[in-house]
Amino acid sequence: MDRFDDISEGEVDHSFFDSDFEEARKGDSSSVFDKQDDDAEERTDKDTENVNLKLGLQRKEDDLTEKGTESSGKTPPEEHPVEGDNAQTGNSSSSTTSSRSKLGNARVEHKIHLPTPNSLPQTVKDGEHDYYTDGEESTDDEKKHHVRSKSAKLPNNFKKSLSKKYSRSSSSSSLSLSSSSSDTGCSDTGSDVGLSDSSPSPKKHLPGATHLSPKLKYKPGEKSPGAHASGTKPKVGDDAEESEDTVTDVTPLSTPDISPVQSFELGASSDRKMKVKRQENVRQEVYENVEDLKNNSKSLKSAKKGKEKHEPSLTSKSTALDSSLDHRYKQKVLHDTMDLNHLLKAFLQLDKKRPQKHHFDQPSVAPRKNYSFTREEVRQIDRENQRLLKELSRQAEKPGSKSMIPRSTGPPPKLYHSALNRQREQQRIERENLAFLKRLEAVKPTVGMKRSEQLMDYHRNMGYLSSSPISRRVRSTLSQYSSLKGASRTSSATSGLSCKSERSAFNTTGGGLLLRPKPPNVRTAWL
């Protein structure tokens, strides 16, 4: 209640307004608000002077206000005076001079509707347990809260006005700042009027709840932005910048009810549906076009029929002309086809005649080249040649026909003895060759073809040669064997023969010389 006494005595605390506006300057980040705050301070000084002049009139009306406070303490505050205030504050934006005069009247009306101090602690106990219970401390805190909330709400009003016009933003900001300064100096209900201007809801018109428990405005769940601002901002430790951040993003974000994958699927399905609809529309258009064509054809036919009925003579003449033209065209086509057929037949006949002429001319022309014989003689010669060819082919087919033919001709001719000897010698050579060939074919690889075995054979043969005289034939074979050193199979065969001959020679002489036993490994080539 000290606040009301200070106002009645005509003393205004300018430092309080300066501190409040300095806090508002800290909250405002834009350069536009800095300029407008300077203008607002000058105007608030003028408003305070006007308030000091009008305090004399307000003292006379205190008696009336006390009666009004008693009636308002017993009954709840009505909505009509606040609505009147809203109307007056709304009209104050038209001109600055009219707004100041009306705000003076609004202060008088606010004093009428102020609650009694008896009702203040009751509202504190009922609505809010976190705030102070003393009337003075609670009112001082309320004063700070409302001033901060008002100063925090001003940037939003400025932002809305700046988006429209710069001139309107300057006028509205000056009016709002002047009204806020005058309201804070007179009473706390000025903040309620500002709040009711931004969000006129019936739940906000309880003065006790708005002054002492600002959280109650947020608890009932009001959806207007003014209610959110009044519910979130009036905290003692919060700064102006934090309050601006909380005020800007108040509206709930619209979360999609469908996941992005489903939305893509729905989009694809919608695209398919649109394509199907387009195809159906195209089909319908095609069908409609076909139906239109049919209808047009029917209409044309009906029109032709009507014309034929009205003009039978003309139609008969036209049909006669058409029939004659068709007949002529058909005749031309028939003549053309007949001509083509005749030409094809002629070409085919010529093609058939040409090979026949060649076939008949060949036998007549060929015998004329040989003028030594007549045609009959040539034919007889051909027949004889054909017969001889057949006989020769038959003889060639029979086996042994060549050997039989010379024997059947006659006895063999007589030969001289020299020829006979040559023939016999030749036959003997052939027989030996055949026998040698058979031996070579039957020969298998020998076992003793190693170097050590060949050396043993060589030394043994050399011992045989040095111990007894041997014939020239044996010596020649041994010399050949020693030179070849058993490299070939023929040499091994000759060595075996030489060994046999040596044995036979020793046996015939009857010498008592002892011979080395033949190793069992050594074998002849033909065994």
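Using the three backbone atoms N, Cα and C, a Cβ is placed for every residue, glycine included.
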* To do: When you get a sec, could you say which of 273-310, 463-500 is annotated coiled coil by Swiss-Prot?
  => 273-310
* Asked: region 'Disordered' per Swiss-Prot sits at which of 440-461, 506-527?
  -> 506-527
* Structure fact -> S324 (phosphoserine), Cβ-centred 10 Å count of other Cβ atoms over all protein chains shown, is 10
* Average model confidence [pLDDT] within the coiled coil (368-443) -> 83
